[in-house]
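Dumping the structure here so I can ask a few things about it.
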């Protein structure tokens, strides 16, 4: 049996552009299925060549390939309003989604009590979407906690997505497992506790959350960005309080990144707002030792480097490696040398066609 499951994850603190790379891979490989266990604290943006923009918080980003079945696993934490909005916008509603979208009955459902609890109790970086509290309530088997099997209006879309994915893989079909957020945000093995998310952001966690054994793994794509980011220090909270989001190496300014790349001031910072909270991201120097550690702990065998235009803005939109500037090539070579992992994909812009694919 050939291995046919690819995994994609962010090796930094999120916002590395998994949407770009995941969208490119979905278009290239036309996977038979995509599976994930997202929460609404993270967003994934895919922009097609024609400029059509998709923003996902609950649905798999491989949705852009019309033939790909969509599985939401048992580890997902679902905001019913957000889910319905995405299903209406991208799948034409629940009735049309039947037969393509399948949700595990044990996925958690966020309630207002979860959001309220987070706003009252969390003082470290958080989006306050209720994901962490909902996950904790599920672990505690709280009597008021709801799972998707308690939501009657979604009953026609519920299915054992773990068994479905495993059956697909046993039959030789291809799939992609999408991991949300970033490895360095992981609660156990990430960079900094308590400035972290409510679970691990790793292939192992993703496999467990979605019920898939590791024997099916083909490739693990680790996505990094040339300058890692973190969310802003001050979070939007009802009581006006602050929630510090932690560190991440040497912090610099967007103006410094723009000057280094030869871009006009404001070129990057005007676009660097988080998908979910719309906060200006903080920016840091890359810590190669942290990338090496992430590679070691995740089993990544292929790297994707995004935002190469932040090294040299002249490289924006380029799609051939031999056309890259020497400055950008030196960055890619350094990353390969330090990690021992080939850089197979390089993002040069926000659209799916603005990717250098060194594997073809």
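Each residue, glycine too, has its Cβ placed from N, Cα and C.
Per TrEMBL, the feature active site, proton donor maps to 44. Per TrEMBL, the feature Mg(2+) binding site maps to 43. Marked as GTP binding site by TrEMBL: 43, 44, 45, 281, 347, 348, 349. For 127, 141, 181, 197, 279, the entry in TrEMBL reads IMP binding site.
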Please compare the binding-site residues 45, 127, 181, 197, 348 by how many other CB atoms fall within 10 Å of each one's CB, and tell me which has the fewest.
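Checked 45, 127, 181, 197, 348; of these binding-site residues, fewest Cβ neighbours within 10 Å: 45.
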I'd like to confirm something. Which of the recorded positions, 44, 347, 348, has a Cα closest to the Cα of residue 279 (IMP binding site)?
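Sorting the recorded positions by distance from residue 279 (IMP binding site), the top entry is 44.
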Mind giving me a neighbour count for residue 281 (GTP binding site)? Other Cβ atoms within 10 Å of its Cβ, every protein chain shown.
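Taking every protein chain into account, the count is 23.
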Roughly how wide, in whole Å, is the group 127, 141, 181, 197, 279 that binds IMP, by largest Cα to Cα distance?
34
Taking the Cβ of the residue listed as 'Mg(2+) binding site' as the centre, how many other Cβ atoms fall within a 10 Å radius?
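For the residue listed as 'Mg(2+) binding site', the count of other Cβ atoms within 10 Å is 20.
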Rounded to an integer, what is the Cα-Cα distance in Å between residue 349 (GTP binding site) and residue 181 (IMP binding site)?
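Cα of residue 349 (GTP binding site) to Cα of residue 181 (IMP binding site) measures 20 Å after rounding.
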Ten-angstrom check, please: count other Cβ atoms within 10 Å of the Cβ of residue 44 (active site, proton donor), all chains counted.
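Residue 44 (active site, proton donor) is surrounded by 24 other Cβ atoms within 10 Å.
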Can you grab the distance from residue 127 (IMP binding site) over to residue 43 (Mg(2+) binding site)? Cα atoms, rounded to a whole Å.
11
Of the binding-site residues 141, 181, 197, which one has its Cα closest to the Cα of residue 45 (GTP binding site)?
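Answer for the nearest of the binding-site residues: 181.
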Mind checking which of 141, 279 has the fewest other CB atoms within 10 A of its CB? They're the binding-site residues.
141
On a count of neighbouring CB atoms within 10 A, which of the binding-site residues 347, 349 is highest?
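Of 347, 349, the one with the most crowded Cβ is 347.
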Compared by Cα position, which of the binding-site residues 43, 141, 197 is the closest one to residue 348 (GTP binding site)?
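Comparing Cα positions, the candidate nearest residue 348 (GTP binding site) turns out to be 43.
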